[in-house]
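What follows is one structure encoded as structure tokens, with my remarks underneath.
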Amino acid sequence: MSDITEKTVEQLEQLKINDDQETAPTSTTTSEEQGDRTAQTSLYVGDLDPSVTEALLYDIFSPIGSVTSIRVCRDAITKTSLGYAYVNFNEHEAGATAIEKLNYTPIKGRLCRIMWSQRDPALRKKGNGNIFIKNLNEDIDNKALYDTFSVFGNILSSKIATDENGQSKGFGFVHFEEETAAKEAIDALNGMLLNGKEIYVAAHLSRKERDSQLEESRANFSNIYVKNIDPETTDKEFEDLFSKYGETTSIALEKTPEGTLKGFGFVNYVNHEDAAKAVDELNDLDFKGQKLYVGRAQKKFERMQALKKQYEATRQEKMAKYQGVNLFVKNLDDSIDDEKLKEEFTPFGTITSAKVMTTENGKSKGFGFVCFSSPEEATKAITEKNQQIVAGKPLYVAIAQRKDVRRNQLAQQIQARNQMRYQQATAAAAAAAAGIPGQFMPPMFYGVMPPRGVPFNGPNPQQMNGVPPQQFRNGPMYGMPPQGAPQGGFPRNGGNSNQFYQQKQRQALGEQLYKKISAKTSDEEAAGKITGMILDLPPQEVVSLLENDELFEQHFTEASAAYESFKKEQQQAPQAEGAAPAAEPEQSA
């Protein structure tokens, strides 16, 4: 700290020496910056418990000063809290007092993090004044980090990176208002002990800058990694093998606490050329009966990226290999095993594999896969076997798809179906308002309210809670024919009779499906969406689902996953409403 004080005194003396022409613009700029700071009245409040509401925040912040608005930012679909809020005061002084008195105080068991709201994205995203700290002790929290670095200057934001359980990852960020404060903090604290651990403090680098440095280190590496080393190898033998290629700074064989070799080591050369020569000549060398691996030493992040790319390449190769030849077969009877499944599809071509999926107890899950040697054979099998009765059940046969592809398709079906239903409902409401007669059958809405003016034809939540159906004002009860439909029998007109029967059948199946799905989820909206998705299947398949619990469970899981994926996409839409100014979440720290 004494070095920092002396440095600051020297800077002040240099400022006094400057002439008036240099001092004038500096003072003008400072006054403008101070004016911007004093104009700030909006606070960012982060690390909030999901149950924190605007009312609770008002009770906490209103004693500080006059509060103009409070907004807890919420998910656009589920309306659940995102864990941060904005509090707007009438005066800047009230906001400054709130930061001083309430920052890192507990709100519902969590220490809140308060800072000025930075609505200028350029200020948050620029690297000036932003520093990175790693090798932090797990006991260091946001408050301890803030207290440690606040002595160097005004902090815009600071945060410890945590995992999904709230545990520290051992690194964090501090964004200073002034770049000089950040430099002083780096000079003073880099390499210092904090809670028994030596911390690393440096200027924060963007991902682009880090990638650029990584590419440079790859091209000019001097540290090499060696594995597949014989356990009997001595330090002298290992050193003699690598030292002949150039001057080294360190040679190390990794050992256990007991002193036995782990089978790998590191060699660091002074010059890149010597390291590259050692890699070229010693890689795949037979050393004491084992083939050595010698290559550039990589960080964990690089290794993970390489493994990820390797896995993705293997997956793509596998997908290309089985594209158009692997079939998905469902609605299988419990008596169908691998051999019987293969016998059913053998007449259509050469089968490379046939597998019925089973539980841990060996019981069939009701579906399986058949892989042919060519797409033509697979296409022929789909044409002939789809909807064919096998062991008393109609088979469903189609090209096998990855889970993410099915989810995307189901999400698109949800969106398209909801749009179509809304258009139909709107058209029906407009026709009814205009007094136009027609035989339009109103669409069914499961678990959600229809547009205004459209009869509700879904499950009645009031009836489910024991309230008499007469109190339900929106329309006829779920499972009952709509107003104007024939009572006591079907219409005599053949076409209308068939249409009415199909509608009644769909309605009855929907009611049974909704009851089963409602028992598995407490979200009424999700239950309605999932019911509509499954109800789009042919009636015969829906009946099979209702009779087979395992098949129902499979469809429910896929439809639920598709619905969740659809919700996440909707959550990414910008939120335009709210009482407070539309400030973006703090992200620099």
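Cβ atoms are placed via backbone N, Cα and C, with glycine included.
Curation plays no part in TrEMBL annotations; they are all automatic predictions.
Segment annotation: TrEMBL labels region 'Disordered' over residues 564-589 (candidates 330-355, 356-381, 564-589). Contact counts against the domain 'RRM' (41-119), taken as Cβ pairs under 8 Å, peak for 129-206 among the stretches 129-206, 222-299, 325-402, 489-568. Mapped onto DSSP helix, strand and coil, the domain 'RRM' (41-119) counts 19 helix, 30 strand, 30 coil.
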